[in-house]
Each structure stands twice: as C-alpha cells, then as structure tokens.
Amino acid sequence: SVGFKAGVKDYKLTYYTPDYETKDTDILAAFRVTPQPGVPPEEAGAAVAAESSTGTWTTVWTDGLTSLDRYKGRCYHIEPVAGEENQYIAYVAYPLDLFEEGSVTNMFTSIVGNVFGFKALRALRLEDLRIPTSYTKTFQGPPHGIQVERDKLNKYGRPLLGCTIKPKLGLSAKNYGRAVYECLRGGLDFTKDDENVNSQPFMRWRDRFLFCAEAIFKAQAETGEIKGHYLNATAGTCEEMMKRAVFARELGVPIVMHDYLTGGFTANTSLSHYCRDNGLLLHIHRAMHAVIDRQKNHGMHFRVLAKALRLSGGDHIHAGTVVGKLEGEREITLGFVDLLRDDFIEKDRSRGIYFTQDWVSLPGVLPVASGGIHVWHMPALTEIFGDDSVLQFGGGTLGHPWGNAPGAVANRVALEACVQARNEGRDLAREGNEIIREASKWSPELAAACEVWKE
C-alpha cells in the first residue's frame, strides 16, 4: 500500500485547531473573512491558515518529509462580526520559523502573498498582526525614533510643523527652493517634497537637492532654529535611491524621504539602515495605501501597514488627519497612531486593536497629519495628536493671501497659542475657536488666514 493517502481533503481537518494555545513566539493574524455562499466559516478560516503557510490544494508525498505540526499555520478561533452578514474574524497563528529574520517583505509574502485570490472566499481582509518580541528583535526599526529626533532638532513640548510644497509638479528647482526658504523662514520646522516629485524633466533631483539645501541653511541662519526639508529619494532602482540619499548626506541636510509602498519594503529597509548609519532622519509617505486599505472587507487595514513600517524603519509616517479632506475615523486612527508611537499597546477592539503589542523598546515613529487642514483645525489637531506628531499644512500655508512666509507665520502662531492654552489647562475641544481668535488679534498673518478659511 502507498505510504500516504492521496487526494483532496478538507483544510479544516488539519488547519482548524480551536484548542490550540498560542505561543509567545507565534505571529498572530486577525483576518476578516467573507466566505462564498455554502462554505462554512471553519473551512474558510482553515483555508486561509493553510494557503498562507504549509498547505497546498492536495496531499503531496513530500509532506511526509517534514513535521507539519511544527510548521503549519493554525486557525485557532473564529467569531462572527457583529452587525455584518456572513463576515467572520478568523484568528491564525503562524510559527516563527516560517519567516525570514528582519524581512518585512518575506513576512508579507507569506501572510498575504497568495491567499487573497482564494476561490472559497468572497473577500478577505487582514485587520491586525501581533508581532512577537522574538521577531521584532530581528529588525532595526526606525533609524532614530522620536526622542533622538527631538534632540537632533532641539524642539520640545510641541508638535512639529511641516508643509508640502505646491504646485507639486512644474516648478523649476530654483523657484522650488525659493518656496522652501519662504516657508522655513516664516516659522515652519519642515517643508516636504510631494510624493510624486522624484526626478522629472522640469526638475532633476540633484538640482532640487542643491537649491533646497541652500534654502535650509539660509533659513536656519536667519531664524536660529534647526530646519529641514524632506528630500524625496524615491527612485526607479534601489541603487539610484541610495545615490540620492548619499548626496543628501553629503550636503549635510537632516532628513530624506521615501514612498515606502510604491518603493517597496526591501528598498525601504535598505534606506532605513543607511539613514541610521549616517545620521539622516527618514520621512515616510504612504502613497498607494488606499489601494490596499480602503475597502472595508478586502485588502489590509492601514494599521498593519503602519506596524510593518515601524519594523522596516521610518521616523515619520503619514497617518491621516481625523479632520481635513481624507477619510479616517477618530478612534481607529488614534489606535494606529499609538501603535506607531508607544512602546506597549493594550488590545482594544473599540480602537481596532485586535492584539496586545509589545514593541520592546523599538524606537517610535512620529505620525504625520496631512491633507486639507488649516489654522482652524489647529486646536483639534493639537488635542487629538498631542506633542509627538508632525502637522502638515500644504495649501494651508501656501494658500495664504499674502504668500508662503506669512502663511507659515500664521500656522506657527496658531500652534504656539494652542500649546500655551493647553499648558494653562484650557479645553481645546471647547474653546478652540476662541483661542485662535484671541491669537489672531496680535498676529495680522493669522487674522488674514482666519478670514480665508472660515471656521
């Protein structure tokens, strides 16, 4: 007789193990599963566990050459989603040995690489991951982290202010540098390359880097504050990206930028290592995230992409605003903002956090609020995001009727007023508009901004 039983068998016989005790070293995943009609949730959950670990669609003789029990993913719990028809949360545990150390790329290839096109599922969404300490320790994480960044910049006790230079495409390098200088001189801490500014015919990267560096040093000399501009090093190849980062370091600027989803995790991790070794801060933009995270029942939640970035490395990352033009629910956003900044985060389903996550002193990432925000939003932003954040006003700076520098002044005055009011114990949520109005009495720049963007 044959040594094994050939043929197709139900996944749930092998991969659905409700009595499994999860190990501290397991990577745990919470999937939102929508099975096809007639497929039981246990089979759907088990199929996810199988296809993203050791399973294939039929029994194979080489299964006998390994210990499936040691290497298989296990679906250990399934619960229906309240208020949704035919949606379940399937919890899957993966043994640590399935993953290459220090590779976000491999982690994602394993967990979400293949299983999302699966026939038995109508839709599938990865809601959260628990990264065990033993795996976290194989990553360097952010190049510097929040505390080191504050010490480098000598800025404490308030959020940092940024501004994306617009029009994002079409300016010459010299005019671009001019816009940067005006914003920094007016009182912003940072200006930013737009995510699609790489090296186009109207402005090559080297020219932009040179003029922006000049703008930074001039503004620093005039204001006595440390300034930065996120120089976008994203490129078509990793080698070209590194070349740009090296040039930025040679110019002596403090920070570079990368589009981590379009650039890819492998490129991002390389850049992150370079930044730590060479004292550059790394600003991360999440272009393409909505392609992955916008659908409620399919894809990946942004909190997973945020966790992955903290492992791969970045000092700032865009995290939505809770106010402005891009969507984001408050509690859920605050959930992944804390996942980025804090060392230890308790499981809390009301904030979308499915697992308790211990980052074991991996440096934190500053969340960046950006997109359609202006001076009237300042009290809300200060209250919601707190000190450890970057508030970015693109149009909210450059749209000022008097120009960039007064626009920057308006934002800085509004921020300092909010921070002062908060430190005096005033309630920003209730008195926010009043605080801004008071401040605008002694700042004509702020008064003009208040006129343009009505509360």
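Even glycines carry a Cβ here, placed using N, Cα and C.
Following the DSSP three-state reduction, the secondary structure of Lys166 (active site, proton acceptor) is coil. The Cβ of Lys166 (active site, proton acceptor) lies under 8 Å from the Cβ of Asp194, Gly394, Gly395, Leu398, each on the same chain and at least six residues away in sequence. Taken from Swiss-Prot, the feature active site, proton acceptor covers Lys166 (among others), and the record attributes it to sequence analysis.
Mapped onto three states, the DSSP output places His285 (active site, proton acceptor) in strand. Marked as active site, proton acceptor by Swiss-Prot on the basis of sequence analysis: His285 (among others).
Residues annotated as substrate binding site in Swiss-Prot, with sequence analysis given as evidence: Asn114, Thr164, Lys168, Arg286, His318, Ser370. In the shown protein chains, 22 other C-beta atoms lie within 10 A of the C-beta of His318 (substrate binding site).
Taken from Swiss-Prot, the feature Mg(2+) binding site applies to Lys192, Asp194, Glu195, supported by sequence analysis. Under DSSP, Lys192 (Mg(2+) binding site) is assigned to a strand (E or B) in the three-state scheme.
What Swiss-Prot records for Lys5 is N6,N6,N6-trimethyllysine, and it gives sequence analysis as the kind of evidence.
Residues or ranges marked as N6-carboxylysine in Swiss-Prot (evidence: sequence analysis): Lys192. Proximity of Lys192 (Mg(2+) binding site) to non-local residues of its own chain (separation of 6 or more, Cβ distance below 8 Å) is seen for Gly162, Cys163, Thr164, Ile165, His229, Tyr230, Met257, His283, Gln392, Gly394, given in sequence order.
Positions annotated as site 'Transition state stabilizer' by Swiss-Prot: Lys325.
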| request: Go through Asp194, Glu195, our binding-site residues, and report the one whose Cβ sees the most other Cβ atoms within 10 Å. | output: Glu195
| request: Might you list, by sequence position, any residue in that chain lying six or more from His285 (active site, proton acceptor) with a Cβ less than 8 Å away from its Cβ? | output: Glu195, Asn232, Met257, His258, Asp259, Tyr260, Ile317, His318
| query | Between the binding-site residues Asn114, Thr164, Ser370, where is the Cβ count within 10 Å the lowest? | reply | Asn114
| task | State the count of C-beta atoms found within 10 angstroms of the C-beta of Arg286 (substrate binding site), not counting that atom itself. | result | 23
| message | Need one number for the substrate-binding residues Asn114, Thr164, Lys168, Arg286, His318, Ser370: the maximum pairwise CA distance in Å, whole number please. | response | 37
| To test your reading of the Mg(2+) site: which residues beyond Lys192, Asp194, Glu195, same chain only, put their Cβ within 8 Å of the Cβ centroid of those residues? | Thr164, Ile165, Lys168, Asp193, Asn196, Val197, Tyr230, Asn232, Met257, His285
